[in-house]
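Okay, handing you the structure first.
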Amino acid sequence: MSFELFFDLLYVGILAFNADHVSEDAANSQELLRFIITFLMSWKIWADVQQLIGWFETNDILQRVKILFLIACLLGQTTNMLQTFNATFDTFTQLVGFYLAARLFIAADFALTAFLVPSVRGMMISQIANILIGAALLIGATTIPGITHHADADAAAAPLEHRAEAGAETAESTQRAGRLVLVFLALAVDNFGAIVPILLFRYANTHTNHIAKRIGYFYEFYPAINIEHKVERTNAFVSLVFGYSVVAMIFQNAGSFALNAFLGKAVLGLTQAYIFNWLYFEVDGANIATHAIRRSHNSAVIWQHAHLAFIMAYVLGASALSMMVVATDVGNAPLDELTPFYQHRSAPDVSLALRLYYCVGFAVALIGMALISLSHEHKLPVAVCRVPKWLRLCNRLAVCVVFLCLPAAGDRLNSLELIGLATGLMVWILAVELWGKSCKLQSFVWEEDETRCRYTARCARRKLEDAMKSDGEVDVVELGRSEKTAALAMS
């Protein structure tokens, strides 16, 4: 549908907006917690829209209005993201309100579908129950008080008359922990609860006992999806994420000529995004014999949820990279060569939290891409390629371990050295993948002469002239014997 790309563009902008705020306040661990919760909520609304279109693609006015309402709820949720869990004015209740408006609207739509289409009633009822359970947990989380200010902070050093206030702070911390438990339980139910009816549906189709028959009667039919369309939309969304990560690294030069460390780090960041795109589409997504969704239920679940971890980690790592691009902890990076806006974003050094976001984010993204690749069945046999798939994925996981260890270097690696080292690791992964998946019998760099073939054909001139005038085609096979000759030459 025409609005799907529009929705994807909006959602990618929301992801970048959310992640940038985390990187600007990287030292605050509460910001990371806020990012994870708000990301999972926005991801669920985006996934619900994709599922709604995949199950019931009517492309009529009513469906477009429903999608518009869900997008409006996502926009309202975004306006309350950054101040969630804020000590002065907490917008968590407003955030949950817009999220539940979208989820309960989908539940109402499923209820109407269950009434009108009895064959999918069992699955619709399961989806409604899943939504209501998650909504109940979130409503319970909003009733627990949030963060408030207290004048005295250190309970251990406080005098005796302030011990009561210290006890109140301890009780408040317990309440906050209980609130977070309810929130994560609700998000787990929303994002992973749909696996339960799928497992029941599979049990009913693979068993013949009395319970399986009753389950099969309840789950009479499972709504189908257009797999090709889902894969294409997911690929388009991932491509937008990669592209927007490069946009986030762009800075504005205020000097005479921008040949400085800022530009060097930006080019290295561009190279990393380009390699991620290369790996996802031309390595992991090429030569697929059986897609993960078609291969099995387990591979489909891995493919679906690996994308969640992959996108969340990559967006976080890319936002940290955009902050390191304008850092002035290296030579040839004068602050006055940046415009005032980027001078405000710049920092004299790179904090440990920012290094963790960058390195761990890209490591988890690579692990997610490895799981996506593992879920597919590729065409190239093990005996033909130079390095088998499992060994190439082991190399990728080994590089992920190196990424995870990089923050331990601390200030011994400045921002340029860290980004350069990470780029070298990405180039190594790409080189191993390209060389390993190539055929043993062919040249790795160029096509050998022995493998080239040339076809020549000859037909009547009048036939060609008539085809050119009418913008038609000439089928050599259908020409008479007196009008054509053909030869096959190998060179």
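Keep in mind that glycine also has a Cβ here, set from the backbone N, Cα and C atoms.
Sharing the feature lines straight out of TrEMBL:
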type	residues	note
SIGNAL	1-16	signal peptide
TRANSMEM	97-117	transmembrane segment
TRANSMEM	129-147	transmembrane segment
TRANSMEM	180-204	transmembrane segment
TRANSMEM	234-251	transmembrane segment
TRANSMEM	302-327	transmembrane segment
TRANSMEM	352-372	transmembrane segment
TRANSMEM	393-410	transmembrane segment
TRANSMEM	416-436	transmembrane segment
Sort out the residues at least 6 away from either end of the transmembrane segment (416-436), same chain, that have Cβ-Cβ distances under 8 Å to it, and list them.
261, 264-265, 268-269, 271-272, 275-276, 278-279, 283, 321, 324-325, 330, 350, 355, 358-359, 362, 366, 385-388, 391-392, 395-396, 399, 402-403, 406, 409, 444
Take the C-beta pairs under 8 A between the transmembrane segment (180-204) and each of 234-251, 302-327, 393-410. Which stretch has the highest count?
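The stretch I would name here is 302-327.
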What residues elsewhere in the chain lie close to the transmembrane segment (302-327), defined as a C-beta under 8 angstroms and at least 6 residues from its ends?
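For the transmembrane segment (302-327), the sequence-distant neighbours (Cβ-Cβ under 8 Å, at least 6 residues beyond its ends) are 15-16, 18-20, 22-24, 26, 35-36, 39-40, 43, 191-192, 234, 238, 241, 245, 248-249, 251, 262, 265-266, 269, 272-273, 276, 292-293, 333, 338, 342, 345-350, 354-355, 357-365, 367-369, 371-372, 374-376, 415, 418-419.
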In the same chain, which residue numbers or ranges, 6 or more beyond the ends of the transmembrane segment (234-251), come under 8 angstroms Cβ to Cβ?
5, 8-9, 11-13, 15-16, 20, 262, 266, 269-270, 273, 276-277, 280-281, 285, 307, 311, 314-315, 318-319, 321-322, 325-326, 338-339, 342
For the transmembrane segment (393-410), could you work out the same-chain residues 6 or more beyond its ends whose Cβ comes under 8 Å from its Cβ atoms?
352, 355-356, 359-360, 362-364, 366-367, 369-370, 373-374, 418, 421-422, 425, 428-429, 432-433
